[in-house]
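Structure record follows, encoded as structure tokens.
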Amino acid sequence: LKSTFLVFNRGNHEWKKLIMVHHWPVTVCKEVEKDCRDPPDYWTIHGLWQALTECNRSWHFNFQEIKDLLPEMKMYWPDVLHPQNRSHFWAHEWEKHGTCAAQVDALSSQKKYFGGGLDLYQELALNSMLQKLGIKPSINYYQVSDIKDALASVYGVIPKVQCLPPKSGEEVQTIGQIELCFTKGLKPQNCTEPGEPASQRPGAGAAGGPGLEVCEDGPVFYPPPDGTAH
């Protein structure tokens with residue numbers, strides 16, 4: 001394992017923020033204009049990220065290492081767009097983000113990385129927290145600030161909420177992703193640092209996908225799973 005971690009000794013591979021990324025499957029399908037078949041009706045894991053990507057490209061994904069986690073992975077960390085080829089999605093997340101997260105002892109193997117992501121997802125319980133806050137998929141609109149404030153009141157830190165901008169004929173943006181951020185010691189921290197523009201468009205590898213941006217202040221659509229028109 002020593003050779004595996006030599007790459008982390010380079011200063012340019014240091015990171016400070018760990019990001020737990022949840023995405024809303026209905027919006028994931030809309031984002032790529034794909035008619036998904038029965039997407040989950042709950043928030044699922046997109047990934048456990050840092051600002052860096054691909055710290056060790058030679059440390060390839062090994063499906064055998066996470067076989068014990070498979071039931072939970074299929075349920076909570078699915079490939080929404082390609083459910084039959086999910087291991088490709090997990091390999092992408094490991095090689096792009098997991099090899100960087102492995103700097104932390106608690107995430108220092110493939111099993112620890114994916115298992116740690118699943119544990120964090122369960123601890124945060126975003127789905128039930130949103131339900132308790134009265135924030136449910138609806139044909140009525142919410143205010144972005146209300147969602148952020150409500151989540152901050154629960155978690156004690158400011159989340160990052162990302163949306164699909166309105167397409168032609170649509171009135172408002174659509175919520176797509178919620179990020180909650182942590183230190184290397186897995187302690188919660190604000191996702192937006194002082195002085196960092198809140199509306200900054202995420203860079204490559206940091207966004208949820210090609211169309212997601214940090215939500216603008218104002219109304220937002222939280223689309224029901226049945227695709228109810230609004």
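Placement of Cβ uses the backbone N, Cα and C atoms for every residue, glycine included.
As annotated by TrEMBL, active site applies to His46 (among others).
The active site annotation in TrEMBL covers Glu93 (among others). Long-range neighbours of Glu93 (active site) (same chain, six or more residues apart, CB within less than 8 Å of its CB): Gly47, Leu48.
Sequence annotations record features per position, and here TrEMBL assigns active site to His97 (among others).
Here TrEMBL flags 221-230 as compositional bias 'Pro residues'.
TrEMBL lists 191-230 with the feature region 'Disordered'.
Straight-line distance linking the Cα atoms of His97 (active site) and His46 (active site), rounded to a whole number, equals 11 Å.
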